[in-house]
Amino acid sequence: MGRPDPEEGQLPAPVKPPDGGWGWIVLFGCFVITGFSYAFPKAVSVYFKELMKDFHVGYSDTAWISSIMLAMLYGTGPVCSIMVNQFGCRPVMLIGGLLASAGMILASFTTNIIELYLTAGVLTGLGMALNFQPSLIMLGTYFDKRRPLANGLAAAGSPVFLSSLSPLGQVLLEKFGWRGGFLIMGGLLLNCCTCGAVMRPLDMGMKRKMGKAQDKYEAKEMLPIGGKSEEGISTTDGTKKAKKAKKKPKKGKKLLDFSIFSNRGFIIYTISKFILVLGLFVPPILLVNYAKDTGVPDTEAAFLLSIIGFIDIFARPACGMVAGLKWVRPHVAYLFSFSMLFNGLTDICSARASNYTGLVIFCVFFGISYGMVGALQFEVLMAIVGSQKFSSAIGLVLLIEAFAVLIGPPSAGRLVDALKNYEVIFYLAGSEVVLSALFLAVASYCCLNRGKKKDPPSENNPSAGGGSDTEEAESDVQEAEEHSSDNHQPAHSTENAVVAANEEANHVGEEPSGEGGGCPTGDGEVLARDGCNADQTVERDSF
């Protein structure tokens, strides 16, 4: 009659996001995890010159270290989604923190470039992936109305850590060499375990709330109640209902939901992100070595990444606040498209920068546009698929993006080795980012907006709506409280009385409608009652 019991292996009911409280602690943990996940592959580029000398390899060979890290971050998305759906976010993040740290510690003892690929690339990348994706999932469960702002603040972890890890890496390189630097970096990654420990599942708060409701009912049980004849009738009816409920087959829990590929908005978003990732990470990865080749001292070259990070720190929260405005949030996909266009044009216009001043100007504008992209990318995805399918959606999107990560930076490194010219690389990367922006905007307008005009949503079809997660969760919380307050009966007839109480509660709130009992629907809401599909979710078919 109600939601399936998660303890019996069935899908858990969505809980209303608190939009605060412990969510701010979760937000801080996500801030740290995002910082390590995105900034670490770029900060490692500080060590590339020394690795090229020690292992006698080219730049394209060392660039594979960052590419493998990012590929593991993206490519293991489905595996991470399955693990999260099976074991929960907290255990997965604890294991990921240990793997990330172990990878960098082992990398400090390597003797060739292949061993670096396996340790710093594969092992550390896998560890960061097991931290990054669960942290975003937890953030989406704790925030709904303030979600754009929360995503912007969490995404600000990337520039904050980039502006600090790059100078720190340069200092460690000068004092301890690249081996000592890798060892200390491995110790820093143990902080991911601390962040994983604070990721408290949201349903624990729901259980406490239900427990309080049951306590109130126990107090009422001490008072005189109605006649025994009414109790006997309800108990008899409850016995019949209980037998019917037991015959219903249990619904298994999906480890990976592929139904999201039927969402046109999700398909458009995935293609756009694939094209975007081909060129997005190329400029910051090549920037330090480009500056060094133009005669910029090593310390000042590393400081360029700090400039990007410093600008990015303010760009992401600011963009998150703008995206949360009532008149902007429905059109957040177009704001995301504009941010990508801004980033691509910055790469193209700055391709001929040949002195330190020109590179600083490039870093300022790149930091603004890069921050906008970082703040909006996951907010757009959450708006498309909803929080219930986000864990599967992000895993599949990251897997597809992994192929772009393996193509983009290594290809750019080979072109640098062959042409000895960075200008072509910046033109190529900028063109790819511009193309992704145009595709997202045009496809969203042509395929989604025109589709809405041709097929207006029916008022009687709840799946056509775009109700917020808060509205869905509010009905779930109210229903859980009703059930918990009616579920505590005397010990001699507990099971029968539980069903009887639920039957009585549903009979009061519903109109009789045929054999199925009726399924009330609201505008953009899905209510779980007799004859309704309790696991039904509202899927966003548009941005």
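Cβ atoms are placed via backbone N, Cα and C, with glycine included.
Quantities reported herein were computed from a predicted structural model and do not represent experimental measurements.
Feature annotation from TrEMBL assigns transmembrane segment to 21-40, 63-84, 91-110, 116-137, 181-202, 266-291, 303-325, 332-353, 359-378, 390-412, 424-448. Annotation source TrEMBL lists domain 'Major facilitator superfamily (MFS) profile' at 23-448. Here TrEMBL flags 452-543 as region 'Disordered'. The compositional bias 'Acidic residues' feature in TrEMBL is assigned to 469-479.
Residues 148, 265, 269, 272, 276, 279-280, 283, 319, 322-323, 359, 361-362, 365-366, 368-370, 372-373, 376-377, 379-380, 383, 422-423, 426-427, 429-438, 440-441, 444, 543 of the same chain, all 6+ positions outside the transmembrane segment (332-353), place their C-beta atoms under 8 angstroms from a C-beta of that stretch.
Counted over residue pairs 6 or more apart, the CB atoms of the transmembrane segment (63-84) and the transmembrane segment (266-291) come under 8 Å in at least three pairs, which marks the two as touching. Highlighted: of the candidate stretches 21-40, 116-137, 359-378, 424-448, 116-137 has the greatest count of Cβ pairs under 8 Å to the transmembrane segment (390-412). Beyond the ends of the transmembrane segment (116-137), by six or more residues, the same chain brings 26, 29-30, 33-34, 36-37, 40-41, 44, 51, 55, 64-65, 67-74, 76-77, 80-81, 83-84, 89-90, 92-93, 95-104, 106-107, 110, 154, 182, 189, 192, 195-196, 199, 378, 390-391, 394-395, 398 to within a C-beta distance below 8 angstroms of the stretch. Within its own chain, the transmembrane segment (266-291) is flanked in space by residues 41-42, 45-46, 48-49, 59, 63, 66, 70, 74, 166, 260, 300-302, 304-305, 308, 333, 340, 343-344, 347, 356, 359, 363, 366, 370, 373, 377, 380-381, 384-385, 393, 396-397, 400-401, 403-405, 407-409, 412-413, 416, 422, 425-426, 428-433, 435-437, 439-440, 443-444, 447-448, which lie at least six positions past its ends and keep a Cβ under 8 Å from the stretch. Pairs of Cβ atoms less than 8 Å apart link the transmembrane segment (21-40) most often to 181-202, out of 91-110, 181-202, 303-325. Predicted-model confidence for the domain 'Major facilitator superfamily (MFS) profile' (23-448) is 82, expressed as mean pLDDT.
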